[in-house]
Amino acid sequence: MAIEKMSLINLIGNMDDLDQTLLVCLRSGYFHPEIAIHTTEPSHGFKILEGENLWTPVLSSLRHLASDLEIDLHETDFDPDRFSLETVTSFVEGLEGQSTELAEQKRSIKENILQHEQALIQLKHLEGLNTSFDDIFACRYVKSRFGRLPKDSFAKLSYYDDRKFFFFPFDHDTEYYWGVYFAPATKAGSIDDIFASLYFERIYIPDYAHGTPEQAYKNLTDVIESEKKKLAEVQDQIDALKKKSENEFLAHYCAAAFWHKVYDMRKYVAVLNNRFYVVGFVPAAQCESFRKEMDVIESVSFVAKPHDADPSVPAPVKLKNNRFTKPFEMFVNMYSLPSYKDIDPTSLVAITYTLLFGIMFGDLGQGLLLSLAGLIFYKWKKMNLGRIMIRIGFSSAFFGLVYGSVFGYEHLLDPMYKALFGLHEKPVEVFNTNTTNMLLMLAIFIGVTLIAVSICINIYLGFRDKDYERAVFGHNGIAGLVFYLGAVFAVSDMMLLNTGIVGLPYILVVLVLPLLLIFFKHAITAVLFHKGKPFPNGVGEFIIENFFELFEYVLSYLSNSMSFLRVGGFILSHAGMMAVVMSLAEMVGAGASPVVVVIGNLFVMCLEGLIVGIQVLRLEFYEIFSRNFEGNGKPYEPAVVDYTQNA
């Protein structure tokens with residue numbers, strides 16, 4: 001709809017009131033801070049306020065405590081004035097004494113269990129060994145190495161029959177042999193090198209494994225069960241401590257996060273002679289309420305100015321849209337946020353994206369299913385894309401009614417058309433030859449219309465900014481619009497209309513003259529508005545450079561228009577893919593037919609829905625945005641506290 005109007009706010013006051021001032025800025029929820037030292041106004045002589053944030057250590061400790069106690073961090077009711085750095089630090093120290101020991105016990109027990117379970121896996125493969133580990137490791141003159149050998153390497157052991165080692169396999173699968181090799185203690189180093197070259201992976205038997213592998217496995221299983229009981233007891237103690245302290249903990253945490261953010265905002269503050277200077281933006285609609293909040297601080301001077309009062313501080317951009325168009329801000333931000341002086345293209349994107357997707361993916365059943373999927377994504381996953389899916393799904397369903405398509409059944413709605421409208425068949429028969437030609441022509445017409453609208457927007461922006469080269473002589477200005485529409489009419493007249501209007505005068509005035517204006521736009525602007533020399537680098541370079549530019553512009557008019565053929569192409573593609581699904585359903589017989597129809601519909605929805613979504617987005621970015629949208633806007637980021645950050 002529009003870009004929110006902003007006001008530039010200057011705050012100057014005594015250093016004693018700095019924290020209170022920053023607190024008001026933060027509590028408002030809509031103050032966008034700027035680094036005061038970067039401004040050109042009363043910041044001369046001011047220096048940026050430096051210093052360590054004293055709340056950082058205690059906030060970090062609180063987040064570690066939340067992790068130890070498994071507390072989900074979120075905002076709760078609290079009064080920041082009740083919590084000082086000393087009170088929060090005291091609370092943290094008291095709670096750490098109880099939680100740290102429990103958390104350490106829990107970590108230690110879990111590490112032991114993990115270590116034991118890994119040992120069990122290895123012992124399981126060694127159950128073929130009937131000798132005690134204690135006897136093997138007690139040997140003084142023979143070294144043993146337990147582990148696993150790749151199957152390919154096991155076959156190569158015969159190459160080393162002359163070496164003094166023995167390998168005994170106990171178990172194997174499709175990839176490895178598990179076993180042990182023995183070697184004389186004096187030759188152990190060289191034998192280890194041989195097995196390393198064969199990619200032998202050693203398994204270290206834990207010191208607490210005694211007896212045969214089978215006995216060690218049983219003993220270790222008992223140890224794991226005992227450790228799990230200890231873990232459950234420690235977890236119960238942690239849960240009890242969490243239940244006892246969670247509410248108080250969250251209040252202290254939120255207060256610490258709040259004051260940490262207040263102190264963090266000091267990096268935007270400039271100071272001079274015990275006076276501070278704060279600069280930022282607030283939406284113009286909230287300017288008066290923000291002034292009233294600041295009036296309670298007597299030493300603070302509040303000055304509200306127009307957004308462009310200080311050229312060194314560009315105003316941030318906050319898009320303002322209604323419920324229907326707001327989800328499409330995601331696509332605008334994906335391309336680039338508009339600058340403050342631009343117009344918000346979200347409404348145009350919302351309308352064109354919704355219509356184009358529906359036209360290209362028209363199916364009543366699949367469209368409603370797409371909307372349902374979008375609703376689920378939005379309600380349960382909080383995905384903004386889900387809100388877009390709801391809208392384009394209904395558009396798809398509407399055009400599905402026009403095409404008469406319901407989950408690929410092309411004539412299911414024929415009785416409804418006859419009862420309501422007296423039609424003997426659906427309004428649009430996609431596979432009819434005449435209809436196919438009409439759809440492709442309609443796609444070109446849609447493309448021409450959208451490109452013309454984009455050029456008109458660019459013309460408006462050019463006149464608004466008094467950039468007449470852009471508005472009048474540019475390829476996306478009046479000259480470009482006249483040439484483009486004139487060329488479209490000329491082609492239409494020769495192929496369809498045959499009005500006889502297109503002759504030499506038409507060609508000279510409507511086609512050649514605009515091209516000449518575009519070709520000489522820099523020179524004309526320089527002469528008319530005294531903006532430098534007409535040919536700054538010489539006539540020759542001017543001609544060569546502008547010739548290739550003009551050639552590129554003319555080519556872009558053609559290619560951009562032809563890009564919209566994909567709109568008609570995907571109408572045919574969708575109908576064709578569903579026809580294939582229905583043919584397969586008929587081939588498999590009545591029993592498996594419903595399964596094929598369901599799977600086929602899901603496949604087409606996922607594959608073509610994704611492709612159509614990307615293709616429409618491409619049309620938005622390359623054929624529409626590129627003609628009038630400069631971007632490079634600075635996002636509006638008011639100072640707020642994020643209470644959900646975990647350690």
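In case you wondered, yes, glycine gets a Cβ from its N, Cα and C as well.
Quick look at what TrEMBL annotates:
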- 217-244: coiled coil (COILED)
- 355-378: transmembrane segment (TRANSMEM)
- 390-409: transmembrane segment (TRANSMEM)
- 438-461: transmembrane segment (TRANSMEM)
- 473-492: transmembrane segment (TRANSMEM)
- 504-529: transmembrane segment (TRANSMEM)
- 564-585: transmembrane segment (TRANSMEM)
- 591-617: transmembrane segment (TRANSMEM)
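Each of 438-461, 504-529, 564-585, 591-617 was scored by its Cβ pairs under 8 Å to the transmembrane segment (390-409), and the highest score goes to 564-585.
Using the rule of three or more Cβ pairs under 8 Å, pairs at least 6 apart in sequence, the transmembrane segment (564-585) is not in contact with the transmembrane segment (473-492). Here the transmembrane segment (504-529) sits apart from the transmembrane segment (591-617); fewer than 3 CB pairs are under 8 Å, leaving out pairs fewer than 6 apart in sequence. When averaged over the coiled coil (217-244), pLDDT in the model lands at 87.
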